[in-house]
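Engineer: Provided herewith is a single structure, encoded as structure tokens, for subsequent inquiry.
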Amino acid sequence: MWIFITLFAAGCQSVRTAYQNTLARETGFLHATMSRSLYGLPLVSLYLILCWQVFDWVSIENEVAFYIAATSCAIAQIMATYFMLRAFQSGSFALGTLLAKTEAVLAALIGLPLLHYTLTFGAWLGIAFGVLGAVVMSVKWKNIRQAHKDASLLFGLGSGFCFAITSVTASMASHALSGSLITSAGVTLWYVLALQSLILCGIQIVKSRDVFAPFRHELALSCKVGVLSSLGSIGWFTGFALVNPALVKTLGQIEIVGTLYYSKVRFAEKMTKQQWVGGAMIVVSVMLVVTSTIK
């Protein structure tokens, strides 16, 4: 079940990221980051009501643990999205997305002491192979000594780290609730998006001194970003609640196929042989993770 949910989430995220990149160029980083939460919240609210009716409601088993984990998740995701958009502006669309994919191995490492999940050798191999593929795709070997000075590299790695924290804390928050894991994931997602909307709308209103500022810029494009983001997040958060987040994010790297398409077609970026080889490695890593987890 989690495999199909993750593939759906990856597909939505691939298209949403492309739209969000365009939105960032038109309106700036703040509005582009805010749009994914504010404009996605209505759809997630409807989804949560559906979960309530179908799977029943949940109770908070550990209130402190839930609010700490969910709040950390919300803040980490804001930072991750901001860093990724900055990576787009500093380098390329493909490069920014690829570097953010280091989150898979980071989620595995962060999750070891916090989630107490165990991974098979095949799963670890798949995660490592996927990260190596991302490195092959993104690093210019002739400039490797100057890599630390590359802004897109730093922003991309920062995004990957924050996305890893997002994955792990989302899983922790969902498991702090008692009841259906599907509904628990929905409750966690709703809280995260609501908190993000309050924070980012507040910042935008203060900066512009206009209460309606969040609704004045590229409304149609913002709605597309919000809807696609909410659909993707429903898949991601449900996957995080069901299995190890590292496995979910590694399988989600199949999104790279969509990234390559949008990079080449939508943003007219040229793809090198090195990047195609790295992309093939990521696809192999996805296959390793899937085969190691299917029983």
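Cβ coordinates come from backbone N, Cα and C, glycine included.
Below are the features I grabbed from TrEMBL:
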TRANSMEM  38-58  transmembrane segment
TRANSMEM  64-85  transmembrane segment
TRANSMEM  92-115  transmembrane segment
TRANSMEM  121-141  transmembrane segment
TRANSMEM  153-177  transmembrane segment
DOMAIN    153-290  domain 'EamA'
TRANSMEM  189-207  transmembrane segment
TRANSMEM  276-294  transmembrane segment
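Have a look at these and tell me how they're positioned relative to everything else.
Structural biologist: A Cβ distance under 8 Å defines the sequence-distant neighbours of the transmembrane segment (38-58), meaning residues of its chain 6+ beyond its ends; these are 177-180, 182-184, 186-187, 189-190, 193-194, 196-197, 200-201, 214, 222-223, 225-227, 229-231, 233-234.
Same-chain residues lying 6 or more positions outside the transmembrane segment (64-85) and placing a CB less than 8 Å from one of its CB atoms are 17, 20-21, 24, 29, 32-33, 36, 96-97, 100, 155-156, 158-163, 165-166, 169-170, 172-173, 176-177, 188, 191-193, 195-196, 199-200.
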Engineer: Which bits of the chain, at least 6 residues beyond where the transmembrane segment (189-207) starts or stops, bring a Cβ under 8 A of a Cβ in it?
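Structural biologist: For the transmembrane segment (189-207), the far contacts come to 30-31, 33-34, 37-38, 40-41, 44-45, 48, 70-71, 73-75, 77-78, 170, 173, 213-214, 230, 233-234, 237.
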Engineer: State the mean pLDDT for the domain 'EamA' (153-290).
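Structural biologist: Mean pLDDT across the domain 'EamA' (153-290) comes out at 83.
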Engineer: Can you break down the domain 'EamA' (153-290) into helix, strand and coil residue counts using DSSP?
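Structural biologist: Output for the domain 'EamA' (153-290) reads 117 helix, 2 strand, 19 coil.
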